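Q: Here it is: the structure, laid out below.
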Amino acid sequence: MLFKRRISKKVFRQLASKNVRKSAKDYFIYFFTLTFAVCLFYTFNSIGAQFAAFDIPDTLNYLSAAQGAMAGVSVLVCAIIGFLVVYANRFLMKRRKKEFGIYSILGMERRDISRILMKETVLIGGFSLIAGLVLGVLASQGLTMITSKIAGVGLASYSFIFSPGAMAASVIFFGLIFLFVHIFNVREMKKMKLIDLLYADRKNEEIPEEKKSALLKGILSIMFIIGGYLLIHFLSDRDLFKILGAGSTMIGIGTILLFFSIAGVLIKFLKNRKKFYYKGLNLFVVNQLGSRMKSTGFSVAVVCILMYLSVSIMGIGMGLGQSSMSLIGKTAPYDLSVEYYFDGKGGNDAAVEQSGIKNELEAKNAKLSSYIGESEEINFYVSENLNMQELFGKSAQGNQKMQKLYKTGNVWYVGLDEYNKLRTFQGKDAISLGDDEYAITYNEPEAKAVLVKFEEQGDTTLSIGNSNLNMKEGGIYSATLYNMNVLSDIATIVVPQKVTEGQKPYMRIMDANYEGNASDAYHALLDDMLKVKGFDYSSQKDIQIQIMSDKLMATYIGGYLGITFLVTAGAVLALQQLTQSADNKKRYNLLYKMGAGEKAMKKSLMTQMLFYFGLPFLVAAIHSGFIMAGVYRTIPYLTGADIARNILLASGLAVVLYGIYFITTYSGSKRILKL
Amino acid sequence: MRTVLRVENLEKFYKTKGSITKAVNHINFEVEEGEYIGIMGASGSGKTTLLNCISTIDHVTAGHIYINGADVTEMKEKTLAKFRREELGFIFQDFNLLDTLTGRDNIALALSIVGEKPKVIDRKVNTIASALGVQEIIDKYPYEMSGGQRQRIACARAIVTKPSLILADEPTGALDSKSAGMFLETLGMMNTKMQATILMVTHDAFTASHCKRILFVKDGKIFSELVRGADTRKEFFDRIMQVVSLLGGDKSHAV
């Protein structure tokens, strides 16, 4: 123990803090990235506190589901950040090999060096944790504004939001990351030999062998990428997420191949253009890029992949969110819908059929009864002999999504009188039918085209109940028959009321608006949900919350992952370039000695940086453009302006964050090369 | 006189694809307290490898190295660290100062690593600085100093812990002839006035001519030995040049 205290703590602390302070510029990207990560982590995990602040009820646990999803994504984000931190740390360790060598030479033990490292990690980690949390608390106020906008609640009940849970989670998660980093550092330290530490910069660089297959790889890569584009474009309405996954993977493989081959192809091309090649420092730049891209092609490809994933995820997330949001009002036009299924399980089929849901609720002493104002009820019948596929399958051909929707289930029908009452309830005109006519009602917008096609193909006579009915000319109407969370009514047949007589209904619905205090009514509903069994209740408010939480989740997860990917991409590229600049010191020194001007050298550095940052950015922009164009075709209910705004927002964020990394890297490299 | 360093049958081989390079091949010699010994040889002769083995930076293939009677080839990393901080001082061609620390802190660090009491550190640093004439520059950062100044700070750092042996690896390699001259005077002063035992590796005859004894290494073996005796530096330099030409060395290094 006496041995351990040999070097005074003070010296250690001083060394560590001096190192951090003196190499603050080296640490800047590390610090910036960590701070940003902590900020992001806290902000997105604080949504629980935001919901609480707005007092949004979470009866059906949608909000906690959103929160849970956020926590799940956070684990993924943490894994990514953890990888990034280790990568960044390796860069810093590499820059400091010699320093550690000198410590060893002066007789410091590895254990003591590890302690210095730990002190530095704690210092940097602590600072970035605190800075990140402060920023996060501020940023979460901003996010609260967005949440309030999405949730459609005013800022009246807004107060300063602070989430102790998110804070604790940030501290624990990042504490773990730092611990992990430290263990990694100690292991690295143990592996290194003193002679390698001291003479790290004298090692000769090994240049990977020239590969002849560059052109072949290039062609293959283009094929993969185009294949991915086509896949997303033509098949994404079949199964969005599966196809998107497959398409992105193909594009990813293509991108990796592209970055492996592009250097070889480009350099061959440029070397043959002597006029360009021998001008200024072009010769140096071209060869420099050539030799570097061979060894770093993979990581640049990864950066590019992260970028297009990021922009696509952000853009698509926002789009999905808006899409679901535009439904509120259309999907749930009534304050409340109460469903009853005549399957014997409800326990009082006869009573409901006879006196209706409203009376039955009263009979059961439901608190809700006293709040029900205007209400209408409607019976649904299922046709035994007609199924959707047979009836509409042919008409749905050509639209993958619709084809799938019409694949299963029997045809449902309702009586005209009850249907008209509902229409009037919604402020729509009543419709009329001849005795042997039927009409079709729907609420899924894309179904209309199928139904119109069905009418056009001519053979529209149906046998329902005991009658044969013909379709009323132009008898296609849109109406939402009861509250649902999505527009899922692709066709319900409306028949003359007498056709339903004597048929056994499958389900009965009561649609109602509240009377009196809506909030009291909602609380009565919550009570009845638990106590008055046999009915399914779907209130507008719950559906709104569900849709809202869907939007929140899609938008926030998109943003969260997107920004994480962006930061990772930027940081990886930045660190890689800084490492290269450190390695290039001798080369630039030599150029200087050979008489190259400072201006020319700056220009050559800028060209290389632009190439390194610009190429993956350009490729990613093209990729995400194609992916988003493909995906937005399949997201319903969005206007062109919405889409344009999403894409601009996502790509704008990408440009800003990426730009920060580019500028930092360029000035950092200039400093390292003393230009 | 006490023997500070004894090298016995030292061998260091490198294995490269299919062939073995014998960088150091059966070397034996001793260094006594207060000696100022030079090891000369062309590049690739094995002299730096020899120094790296003695300085515990590199591991030997066979043989033994005793410093103050202790066999460093048998030591574990942890004891080696203790050994380095207590028995050895280093001077490198590229100085190896920590550029996050001022000259003063660089010297002080060596003392704090040895575990010196904070109270005496400052006094010791000042004493050594005035002895080596570096008080003026001691509070600058390495990047604010000239090469010669940096190397003299490195000298101060090497001797401040009063090690048994100071090892210098091509210490004038990165200096111009004037700085090199000043530096070598400092080193000579450390040897004569402060009784430091110095082992220096160099390929430069002018630098070597400041030593009291020189071992010539060729192809990993000791080729010959020169003792300065009562010669002036100039006479000793001429004798060195004769051996160098015998070795087939490059005369352009003669200053």
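In case you wondered, yes, glycine gets a Cβ from its N, Cα and C as well.
The transmembrane segment annotation in TrEMBL covers A:27-45, A:65-88, A:121-140, A:160-184, A:214-235, A:247-270, A:298-320, A:553-575, A:609-631, A:643-664. Residues or ranges marked as domain 'ABC3 transporter permease C-terminal' in TrEMBL: A:73-192.
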Q: Where, among A:27-45, A:65-88, A:643-664, do we find the most CB pairs under 8 A to the transmembrane segment (A:553-575)?
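A: By the under-8 Å Cβ criterion, the transmembrane segment (A:553-575) pairs most with A:65-88.
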Q: For the domain 'ABC3 transporter permease C-terminal' (A:73-192), what does DSSP give as the number of helix, strand and coil residues?
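A: Per DSSP, the residues of the domain 'ABC3 transporter permease C-terminal' (A:73-192) fall into 102 helix, 0 strand, 18 coil.
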Q: Looking at A:65-88, A:121-140, A:214-235, A:298-320, A:643-664, which one has the highest count of Cβ pairs under 8 angstroms to the transmembrane segment (A:609-631)?
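A: Comparing A:65-88, A:121-140, A:214-235, A:298-320, A:643-664: A:298-320 has the most Cβ pairs near the transmembrane segment (A:609-631).
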Q: Are the transmembrane segment (A:27-45) and the transmembrane segment (A:298-320) close, by which I mean at least 3 Cβ pairs under 8 Å that are 6+ residues apart in sequence?
A: no
